[in-house]
Amino acid sequence: MSGSIWVLIEDQEGIASTTSLELLSAAHHFASEVVGVAFSKDGERLAKSLEPYGLTRLYNVEAERSSLPGVVLSAAMADLVKGSAEPPRAILCAQSYTGRDTLARLSVKLDLPVLTNVVNLFEQDGELMAEHAIFGGEEIVTSNFTHQGVRLFGVRAKSFAVEESDARQVAVESVKVEGLGAIDGAKVVASYSEERSGPKLDEAAVVVSGGRGLGQPENYAMVEELAKLLNAAPGASRAIVDAGWVPYAYQVGQTGKTVKPNLYIAVGISGATQHMVGMKGSKNIVAINKDKDAPIFQIADLGVVGDAHKVLPKLIDALKQR
Amino acid sequence: MNIAVCVKQIPDPAAPGRLDPNTFNLVREGKLVMDDSDSYGVEMALQLVDRAGGGEVTLISMAPNGETSGLRTALAMGAAKAVLVSDPALGGSDALSTAKVLAAAILRNPFDMVITATESTDGYTGTVPVQIAEILGLPAVSFAKKVTLDGNKAMIERQSESGYDEVACELPAVVSVTAGVVEPRYPSFKGIMAAKSKPIETLSLSDLGLSADQVGAAGAREAIVSLRKAEARQAGQIIEDDGEAFAKIIEYLEQLKVV
Ligand SMILES: Cc1cc2nc3c(=O)[nH]c(=O)nc-3n(C[C@H](O)[C@H](O)[C@H](O)COP(=O)(O)OP(=O)(O)OC[C@H]3O[C@@H](n4cnc5c(N)ncnc54)[C@H](O)[C@@H]3O)c2cc1C
Ligand SMILES: Nc1ncnc2c1ncn2[C@@H]1O[C@H](COP(=O)(O)O)[C@@H](O)[C@H]1O
């Protein structure tokens, strides 16, 4: 319980991302002090949203807004660690775009390794132990560090529950990074949002996902219709994201979103390990697939061996009549 | 336009994976193949060089056992040559050591861009590309879903949590590309024949000026301490659709109070 843990706080439209809150909640179990580091336009507003979570301080990095967050955050963290008499015990980042970029650069700056894809942390003989799932979540590996420096962890979304802590004011401290040179040569010139209305994929209580078994892009409309009827978020396998049927924001799995809804309905999805790691934690799973040997049936609570083009229209009609 | 493309050679992903019960390293027996994720980077690089009207694509790979079959596949697609770092001391390398080795290998040839996949199929740390960039002191754009050139800049559409960002990036730079960024070509018969005589430079650690204690299991400074089976999810009820399966689904939804 000794020492501090720093958490990368990702600012999403002015407030902390849910995954950042998950990491803050986890950090309290292993540290006497939890500190946030962010790259926010409005550090005070972000700090306000963090008051229920018990952190003492928020370092907010000041740099050109168009810089990639990973570049400025890693530079700030490295400076802070090197300049600190009591460096943190560990730094936790989400296994997100910004989190990965930050950890990658930070690990080089501090010459320290990173443990990635962490799904659980615990303490043993005073050491932080990290678990991560391999082979599609069939086996769990436990790892630790054998060096003396700061422990760097990349943690997957939905690994920890969000828990409020002793509410307190969060002191915001500005950190300037300047003169980054060539590494800062990439600039965001515009941002586009592809999200649609309805519940968010990683927060919805029900998710309906479609895969290549739908046959054609037009058929994804059935998934959307079913989702609407169930107040669910529509999702997808990577196969149909890669094929351009739906935007990447819909992807569930290792390289997409991790979801843990009350109900997950998989239509025409085979159940590749990389898909399953993203949805295996769902409370209840329904799968519709015409191949009775599809791996998805091994984890389904209700498996329907059948043609999606026959089952879905009937299901949709019946739900509409209710 | 010269592009270095990192190509990882991995055990056949269709074969079930296994960790050595003593060392906990991934068992890498038999022939290795090109990681499918890297075929997108190879294709992207070939197209960019083609559009720039000159230059070549050099493959960069690190593998403990001198394996070249995966590299031959990428050479058959059209890459000009390959640099392979192979040394028994590389076994058990973590992402940071891997990045150090790849960065040193990349520096052997002039380049305007380094392309990688966003994450490897067997390791999937997703940190190697940006670690390479930091070691080389370069900008990096990870998760690129579209790459075009505009003078001495790359214009990149980069995936974001909610959609995508348009990023303008000075060159040289490291770019990690997602699957689906381009459609990888199949090697032609001519390409496969030509690949047999394309040069693969094989280097040891000392050729790169790196010592064995910086890499491999010795340099990793992290260790797997145990391995266990995850709690298996019990398969539930499986029914064949006889035309009425939809009713069974509705019954189940009612049970869960979803409807
Ligand atoms: C590094 C890496 C990361 C990856 N990350 C992800 C990820 O994040 N998410 C992800 O999803 N995948 C990911 N993948 C890809 C994954 O390996 C699979 O290729 C992908 O999940 C397959 O998608 P699918 O199930 O839609 O397609 P397929 O595997 O082609 O399966 C289609 C299924 O539909 C069934 N079907 C066909 N016709 C019908 C019909 N009429 N009615 C009902 N069923 C039908 C078939 O029986 C089959 O089971 C990743 C792969 C790699 C290498
Ligand atoms: N041993 C390797 N040889 C060549 N390229 C690699 C190697 N390891 C990682 N890479 C590249 O870096 C990407 C990300 O790897 P990882 O960080 O392991 O997920 C891979 O998809 C490859 O493009």
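Positions of Cβ are set from backbone N, Cα and C atoms, glycine also.
Database features (TrEMBL):
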- A:5-188: domain 'Electron transfer flavoprotein alpha/beta-subunit N-terminal' (DOMAIN)
- A:Arg212, A:237-238, A:251-255, A:268-275, A:Asn289: FAD binding site (BINDING)
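Distribution of TrEMBL features across the structure.
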residue  : record           : Cβ within 10 Å
A:Arg212 : FAD binding site : 16
A:Gln251 : FAD binding site : 24
A:Gln254 : FAD binding site : 24
A:Ile269 : FAD binding site : 31
A:Ala272 : FAD binding site : 18
A:His275 : FAD binding site : 27
Point to revise | Sites among the binding-site residues A:Arg212, A:Gln254, A:Ile269, A:Ala272, A:His275 close to chain B [C-beta, under 8 Å] | key: A:Gln254
**Study point:** Three-class DSSP secondary structure - A:Ile269 (FAD binding site)
**Key:** coil
